[in-house]
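These features come from Swiss-Prot:
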SIGNAL    1-18  signal peptide
CARBOHYD  ASN150  N-linked glycosylation site
DISULFID  CYS154-CYS197  disulfide bond
CARBOHYD  ASN157  N-linked glycosylation site
CARBOHYD  ASN260  N-linked glycosylation site
CARBOHYD  ASN397  N-linked glycosylation site
Amino acid sequence: MTNPWIVSLLLGATLVQANLYPPAVLNLGPEVIKKHLTQALENHDATAILQELPLLRGMQDKSGSIPILDSFVNTVLRYIIWMKVTSANILQLVVQPSTYDQELVVRIPLDMVAGLNTPLIKTIVEFQMSTEVQALIRVERSKNGPARLNLSDCSSNESTLRLSLLHKLSFVVNSLAKNVMNLLMPALPQIVKSHLCPVIQQAFDDMYEDFLRLTTAPIALSPGALEFDLLSPAIQDSNILFNLKAKLLDSQARVTNWFNGSATPLMETTPDRAPFSLTVRQDLVNAIVTTLIPQEELVILLRFVIPDVARQLQMDIKEINAEAANKLGPTQMLKIFTHSTPHIVLNEGGATAAQSVVLEVFPTNTDVRPFFSLGIEASYEAQFFIAENRLMLNFNNVSIERIKLMISDIKLFDPEVLKDTLTKILEYTLLPNENGKLRTGIPMSMPKALGYEKAMWSVSKGALKLTPASS
């Protein structure tokens, strides 16, 4: 029989080779796993199943293969009218790492009170039953499909079972209760396994499907949509990781861009102390920004929009060519061509955006040939934040890094003399236009679906990370 450690090691190696750097990683910590598995157990009425455990039949089945023990059981059972679990509670689950790779241990403590009715006494004899169910969550590969998480090896061990009489009664009744507990000790683990483990399996499968639905739900963009799909699951420490691929769709639901595994380093995906995190690779962030802010041409009648800057530009041009400055009319016009959409750079200190534009100055709106054309490389501060469950991005603080004179009909000049004026033009025209396209934000339902009302975005080298906000 193959050692499970070897299988896990080979599987883990396969996953690492196949998906070194996924476009996005959803990291679910033990807090989220416990919360959602507990809810799934409640949905399947796990405590009601415990209250229906067939204690008497379980003791009989356990002793049936041993004639002497079977005779003893029958003798004891003659003094019992009925016996059942009167109350049951599932205590706080524990999720912890396994000694094997790609495996988690889930411990489910149970606290039950059982009662039996005997003609030896008018009151019900009650005793406490405490035990624990243990199951393993593993990454397993199917012959017919990709790897998935599976729950296996669900069992209840006699070593975790504790039985005690709640109230001491007469010597005869106490002796009967002691004999019953002695018979339950070997029988109860199998009873729990037979009746509760299938429910735990169903609850886990439901939880897993809920996580996948949550992960793959389309995220609306304006225009189009972003969709994630599962590349591979993984287990690291006490956390479940979903390595995700992504695709961008246009307004007609046609795929415009695919993102799968990449040889480019993604980010640090080692689980941290956050209950969950969604980490998105920088190139996917940039593709989303490109969808929201396509390349375009802006036409601005400068004196109508920002008259102060129009006068400042006229004074700057006068220093270069006074005759040309006098030709600037009331309909003085600018054209700004966004040669590229803003390119986001994510680093530990924050996010910046770089963009190349071509700016042309026309004396009036009827002229077809500009005074001059400038190639401008600008950078902005990029701020990511959450507002009303939406991812928001805002650009501010324009800085011009480089200016190149491309065409000039007035005379050759050093474009650096226009830097201050050009900075104001971009600040008052291009940035508001692009921020306006970002104003609707991107809906993020994941935090709320995982049970967290508030979330926050943080920036690290090459990645954007969503985590619950500190309360």
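Don't overthink the numbers, they just go from 1 along the chain as shown.
Every residue gets a Cβ built from N, Cα and C, even glycine.
Taking the C-alpha positions, the distance from CYS197 (disulfide bond) to ASN150 (N-linked glycosylation site) comes to 13 Å. With a cut-off of 8 Å between CB atoms and residues at least 6 apart in sequence, the same chain places ILE137, ARG138, VAL139, GLU140 near ASN150 (N-linked glycosylation site), listed in sequence order.
For ASN157 (N-linked glycosylation site), applying a Cβ distance below 8 Å and a minimum sequence separation of six or more within one chain yields GLU132, GLN134, PRO189. Secondary structure from DSSP puts CYS197 (disulfide bond) in a helix. All chains included, 18 other C-beta atoms sit within 10 angstroms of the C-beta of CYS197 (disulfide bond).
Annotated pair ASN260 (N-linked glycosylation site) and ASN397 (N-linked glycosylation site), C-alpha to C-alpha distance, rounded: 34 Å. Shown in sequence order, VAL133, GLN134, ALA135, LYS193, CYS197, ILE200, GLN201 are the residues of the chain, 6+ apart in sequence, with a C-beta less than 8 angstroms from the C-beta of CYS154 (disulfide bond). The number of other Cβ atoms within 10 Å of the Cβ belonging to ASN397 (N-linked glycosylation site), over all protein chains shown, comes to 13.
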